[in-house]
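As annotated by Swiss-Prot, region 'G1 motif' applies to 38-45. According to Swiss-Prot, the region 'G3 motif' annotation covers 136-139, on the basis of sequence analysis. The region 'G4 motif' annotation in Swiss-Prot covers 205-208. Among the features that Swiss-Prot reports, region 'G5 motif' is placed at 235-238. Residues or ranges marked as N6-acetyllysine by Swiss-Prot: Lys299, Lys598. Residues annotated as region 'Disordered' in Swiss-Prot: 741-870. The annotation phosphothreonine is assigned in Swiss-Prot to Thr755. According to Swiss-Prot, the compositional bias 'Pro residues' annotation covers 826-855.
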Amino acid sequence: MGNRGMEELIPLVNKLQDAFSSIGQSCHLDLPQIAVVGGQSAGKSSVLENFVGRDFLPRGSGIVTRRPLILQLIFSKTEHAEFLHCKSKKFTDFDEVRQEIEAETDRVTGTNKGISPVPINLRVYSPHVLNLTLIDLPGITKVPVGDQPPDIEYQIKDMILQFISRESSLILAVTPANMDLANSDALKLAKEVDPQGLRTIGVITKLDLMDEGTDARDVLENKLLPLRRGYIGVVNRSQKDIEGKKDIRAALAAERKFFLSHPAYRHMADRMGTPHLQKTLNQQLTNHIRESLPALRSKLQSQLLSLEKEVEEYKNFRPDDPTRKTKALLQMVQQFGVDFEKRIEGSGDQVDTLELSGGARINRIFHERFPFELVKMEFDEKDLRREISYAIKNIHGVRTGLFTPDLAFEAIVKKQVVKLKEPCLKCVDLVIQELINTVRQCTSKLSSYPRLREETERIVTTYIREREGRTKDQILLLIDIEQSYINTNHEDFIGFANAQQRSTQLNKKRAIPNQGEILVIRRGWLTINNISLMKGGSKEYWFVLTAESLSWYKDEEEKEKKYMLPLDNLKIRDVEKGFMSNKHVFAIFNTEQRNVYKDLRQIELACDSQEDVDSWKASFLRAGVYPEKDQAENEDGAQENTFSMDPQLERQVETIRNLVDSYVAIINKSIRDLMPKTIMHLMINNTKAFIHHELLAYLYSSADQSSLMEESADQAQRRDDMLRMYHALKEALNIIGDISTSTVSTPVPPPVDDTWLQSASSHSPTPQRRPVSSIHPPGRPPAVRGPTPGPPLIPVPVGAAASFSAPPIPSRPGPQSVFANSDLFPAPPQIPSRPVRIPPGIPPGVPSRRPPAAPSRPTIIRPAEPSLLD
């Protein structure tokens, strides 16, 4: 096998198998193993018991194996068994092992005859076994019995295919000798997933139960239905032997005697039997693992990379580290601070592309939602003019004023400034809600420690609420400051003279920068929601909003214009969301009760989210399209008061109206600039500093460290299992690395060498005795991988055969053919207890002059032979 590292391959695969089974998943990694497949009562379980040398598997009629049994055989000086689901217990009585298998099977499948794909992991340590990993699968059945579901045949087949379809699995196809090989369910399933026969090993059981005068010689010689890895025959105990408590070791001795004494099998007795099968499976599994090493290493590395992302927060410490709770607390708090800052400040590292972060949402509040709230409180023209006229009249009293009083201007401005408090405080509330949501998102990584997560959220949320009071006080102070002094000397204020010049202007909309250009305020997709089905139903268009009109096009290329709607006399109203609709809708209508589009009094425009609706409303406000007033207006009284003004009073009202509009715009601009700065300084930046510098101290003072770091049972189990798998994968990669660098690669021998069969069938039928090669050096396994090997890979001089014997073999070539063609292999190893009969014409002691045969000599299978794989 190369070196000691190769001998550790099977235990390594066992360790990975245990790690993955304990996690409850296969980690998408196909581990090399041997799956035992066969019909019901074909003798699969008996073969496994013969390997172990103990009776430990359930027996009975019908389906006995109802869950896959992953059997890990490990060579050890002591003999005991362990189950993965109860690691702490060592079973020395194998009757208890059988009872535990039955109990564990019933625990998952119930006491009826149902099956389950969840495997049972059993590890057997014994001085009588070779390292092997096998999977005992339920026997293939046709008819449901008892409480089995009617599709039991397909359930079992699907379960078997789940295990044998993996390219890394060898298939041990068990077929009884008293059954026609062409009808073998095991070989049929094996051919479905392994049509080339590269992974299939045939096992023929019940050779002693064949009808008198028949034998399975053609099958075992790989003539009838050839497999690349050949067939091995075994003889198990009969039911009478089992009931009579016949010892397995006595059964193995009887098996050995059967093959030595049977005339059809004695010439191949050294290649038959349970010990040879066990040795062959050990060799082939080890070689199979060696061939799978590159792909296995690649899969291990890929799995390790995916695991590193999941265990990043606790991969630097082991579960048995006594200081891990302190490390975990520090690491969790630091990670929480980093995550919070990234979500607020933004980061190019690991950007979330599915939803907006907390910082992006706060930015939208500052620059879309808050300006929208400011503009939404836009005063009504008629109400404002009426208030100005009342203020002028009340200031003059009984006197008739000749000049426009500036006190009326100050009174109206102060009244408008007070209205700013509500949208400003609402902005603070929106930001606080986003901050709290961000804290909850960041603490989701602390879910392993429920108490720590709860305390962290409580402490940070309490601090945010404290900062809320400070921030709101500061914002109210800013508004009071604006109200305390009306600075009419501001550089942006139009002044009295300009206000009089503008008194003749009737259009209050935003001035366009250049006469030849149209200011585009917003573009985007909207759905016209209230077009009747007779006219095509709801349709999506590309809308373009300017300072003068709303246009929509077929697509974003803006080539095919569908309609252009002037903004004069338009207003916005909310529309309730439909019961089955996931769209958010608002409507545009004409205040003069005119149709807006074709025969529609209002256009209902639909967006995907409420945020898009708010953003479009803010854009319409910039264009001068305001929301509909909720309260009913006394239009008659307003008209009466407005139109009853004399021309001089009307000019004074218009002048003050322009002054108020100019000064309120200055205040709005100042508030829009100071609000984000105030909130950032007093709330967001202070919260970040608190998390980085004071949160840990608050956590230590609020509760005991041990209680904070108490894990939920599920999270602790998941974390420990994941860490175990992580370290097992790293250890596996290290072992594979050592093997890869220190193993001397040799050409892999052919899976089957049946040249002895070919030579026997292609020459004279005269029975001859074949000489035997020298014995292999102790401790070295034969170089041939297949269970039915041909001649040895190391040629032996003919003269050396004088001390050994060989049984008679039919159709052995005569001496003329030996000397005529010196390229033939020397005779294969045979049983060393038979007397020597030297073929006539061969002088003893004459060695071959040909060089030793290469170990990678290709296998030749005669095309005339029928094949299972055709």
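Numbering starts at 1 and runs along the chain as it is shown here.
Using N, Cα and C of the backbone, Cβ positions are placed for all residues, glycine too.
Each of these features: where is it, how hidden is it, and who are its neighbours?
Within its own chain, the region 'G1 motif' (38-45) is flanked in space by residues 57-59, 62-65, 136-137, 139-141, 173-176, 179, 184-186, 205-206, 234, 236, which lie at least six positions past its ends and keep a Cβ under 8 Å from the stretch.
The DSSP breakdown of the region 'G3 motif' (136-139), given as helix, strand and coil counts, is 0 helix, 1 strand, 3 coil.
Within the region 'G4 motif' (205-208), the DSSP-based counts of helix, strand and coil residues read 2 helix, 1 strand, 1 coil.
Here the region 'G5 motif' (235-238) is broken down by DSSP into helix, strand and coil counts: 0 helix, 0 strand, 4 coil.
A sphere of 10 angstroms centred on the C-beta of Lys299 (N6-acetyllysine) encloses 18 other C-beta atoms. Lys299 (N6-acetyllysine) falls within a helix when secondary structure is assigned with DSSP.
The Cβ of Lys598 (N6-acetyllysine) has no same-chain neighbour under 8 Å that is 6 or more residues away in sequence. Under the DSSP three-state reduction, Lys598 (N6-acetyllysine) is assigned to coil, being neither helix nor strand.
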